[in-house]
Amino acid sequence: MNRRLVHLAGGRDWARQQARQALLGIGQESCQEVAKAASQNSSQNAPQQCQEKCPEQFPEGAGYDCRYRVLWLGEGAPAEVNSIAGADYPRLLGTTQDIIVFDAHDGLDPDALAAAAGALRGGGILVLLTPELISWPAKPDAALERLVPAGWSIADAGDRFIRRLVDLLRNAPWVECYSEGDALARLVPGPAAELARDSFGCCSSDQRAAVKALMRVVTGHRRRPVVLSADRGRGKSAALGIAIGELLALAKVTNVVVTAPRLAAAEPVFEHALQRCNAKRVSRREMVTAQGRLSYHSPQELLDNQLEADLLVVDEAAGLPVAVLTRLLRRFSRIAFSTTVHGYEGTGRGFDLRFRSVLDSHTPEWRLLRLETPIRWQAGDKLEQWLTGALLLDAEPAQLFAAEEDDARRSECGGDCHSVAKLATSLQQGEVHAERLLVLERVNRDDLVADERRLRQSFGLLVAAHYRTRPLDLRQWLDSPGIEIFWALLGDEVVGILVAVAEGGLDEQSAEQIWQGQRRLRGHLLCQMLSAHGGVARTPRYRALRIMRIAVHPHLRRRAIGSSLVKRAQAHAEAVGYSIFGTSFGGTTDLVAFWRSLGLSSVALGVQRDAASGEHAVLMAKGLDQAGAAITGEAGERLRESAEALLGEPLNRLEPGLAGQIFAAADGYSRPRLSAGQRRDLSGFAYGQRGYAASLPALKALAVVVLQYPEHIDQPSAQGGQDYCSGSAALIAKVLQRQDWQSVSLLLGSHGRQQGIAKLREYVANMLDKIA
């Protein structure tokens, strides 16, 4: 049956008291044993059957119905009810609740609201406590603190997200609304559906099909991965756990590894696997059977430690970047991916668009299964539909090419859809340059929130382009102070979006404390990295515009739309007096090349990989005035000077080709040159007259020189469908990162030390002809 949304709009004390009374009421009639225990006020006097049912609710459980799982999210919960702080919402992952009270009086975190709804079973009740709708947008909201950079206050933040939510609540007649003066009836959830389970424990035919497909990943041919795609509540994680449990019980595998963006995301997999085999949970990260084990490892642990597995399961794969997924796909011959279509940690829509081509290229016999049947709640659930729209979980890019067949869409765009489709086709085929067709505008956020169609198109672009776009990003985008948005319009359709944020302008004392490592301020990422990592202490005093996100319609990529948006944003930054224009991103060769082509240079590099993304943060920037140019030039020089030291230890596992690109993209005031003696030694090595060990000092000098010149960083070569490392990358890996010959040979596609040295000789001979 449908889940209910009960909305209590009024004062904080009134709303909380009403919710407490409504919760108390369900116990007074339906759980006399607990009521009796309450009167005795002693858990030891409570009936044994209630103690066994709800041992954690005594003595606090007195007066509340132990048949129902009730959770209060936020402040003001009665002592008798389980409660967690709003910031602890990830603990809801994998749980099932009958009633959830969501208190928004102290702030509304959209991610927490999505998680709460996802944990609520069919027939359950979500109780939303808010201020009166007419005054809610103007109320202080503590959830905004995370979105307000240092130097701003919550008063500087917008109220657009809440205003839009208020409108959506007012236009949802199925929502049960109560205002002050109304009496809330006792809250009694509807009966939980009795789910028929098959021999596997599956509740739907598509869940059973998923379990069988997952098991065939192990029992069938190698290199045939399965991708499970489903909305929340369809039993996706249960299917993963059931399949793993069956495989362990049948001794088909001895070592199964599950990975996910966070350990908590994998908890349901462990729980369902335990139910299907005789296993013992030895820790949050591991369970063992007599013949096998299931363990959790982070993506980076898998890549750094060369761990092996009979089966690797990547849960919530949409929350990981494609570069990490690709490396896992190459490493493990038996692998399964799962992704949530409309998730709040990353979306399956974007995952499909970004990762499908990789699967087609590396494992063309991969298989996609979609779980359509809801298990946790019924099909057409009103709460799911409302929340999906409210948080734009289903936002998608504009439909550019289906307009001619869609009468409703033609009406919506004023009859111009046919011309838009023609323009898009011309742009897609490269017949016309983007800047001749596009309208590039700075966006007024008040106008944007009033235009639902363009809002959905814009957010849909971000969802499709970025691996971790969450509902909280929508609130930041609409309300955070200092945000600048630019879009590219093709006709009336949004085909590109750029989101930037203002930074810097801090006082001298704060700047000095940042450089000394005494302070880390919210926001100001570019300025603080340039100070703390780049070593330019004065940077936070100057104003900077940092690009946070940029996204282009998936059918129109590589058509200069992104470049046009960056140029438009830079022109705005110059016009209003910013000193620095830059961006920070997880480093990949494509992204470094893109930003370098737009005139940005490398100015700082994170020495630790992000635990979830597996990528190093790269900071690229350009100066827009004399002060900014001096800062970026100094930072680039320092980065160049640190290359040998950084690659020798903290960055010795950074992909050598990427390392070459990053350091070669750093500007500097001077560039090293090879001495005559070094050239003589290198010539001897190139033509077989000197050994590797004797030539090592000269080879190291050559590697440092190569890092200074982008034109000397050659591209990987493809052989037999495998990308092999270029000569410059192999040189960097061996002499600067000190990798062993086995690793370098794998990079080069060679066999052993001798072949590796032979290929290096060829590369050095070629470079001597190029380097003056």
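Any Cβ shown, glycine's included, is placed from N, Cα and C.
Taken from TrEMBL, the feature ATP binding site covers GLN207, ARG376. Per TrEMBL, the feature acetyl-CoA binding site maps to ILE550, ALA551, VAL552. Per TrEMBL, domain 'Helicase ATP-binding' is recorded for 217-359. According to TrEMBL, the feature domain 'N-acetyltransferase' maps to 438-625.
Listed in sequence order, the residues of the same chain lying 6 or more apart from ARG376 (ATP binding site) and placing their CB within less than 8 Å of its CB are THR96, LEU120, ARG121, GLY122, ARG232, GLY233, ARG234, GLY235. Neighbours of the acetyl-CoA site: apart from ILE550, ALA551, VAL552, residues of the same chain with C-beta atoms within 8 angstroms of the site's C-beta centroid are LEU461, LEU462, ALA465, GLY496, ILE497, LEU498, ARG549, ILE561, GLY562, LEU565. Of all Cβ atoms in the shown protein chains, 26 besides its own fall within 10 Å of the Cβ of GLN207 (ATP binding site). This prediction places the mean pLDDT of the domain 'Helicase ATP-binding' (217-359) at 89. Sequence-distant contacts of ALA551 (acetyl-CoA binding site), defined by Cβ-Cβ distance under 8 angstroms and a gap of at least six in the same chain, are LEU461, LEU462, ALA464, ALA465, HIS466, GLY496, ILE497, LEU498. VAL552 (acetyl-CoA binding site) is 35 Å away from GLN207 (ATP binding site) when you measure Cα to Cα. Helix, strand and coil counts from DSSP across the domain 'Helicase ATP-binding' (217-359) read 62 helix, 31 strand, 50 coil. Sequence-distant contacts of VAL552 (acetyl-CoA binding site), defined by Cβ-Cβ distance under 8 angstroms and a gap of at least six in the same chain, are LEU461, ALA465, ALA488, VAL495, GLY496, ARG559, ILE561, GLY562.
DSSP assigns ARG376 (ATP binding site) to coil in the three-state reduction, outside any helix or strand.
Within its own chain, ILE550 (acetyl-CoA binding site) has ALA465, GLY496, ILE497, LEU498, VAL499, GLY562, LEU565, VAL566 as residues 6 or more apart in sequence whose C-beta sits under 8 angstroms from its own.
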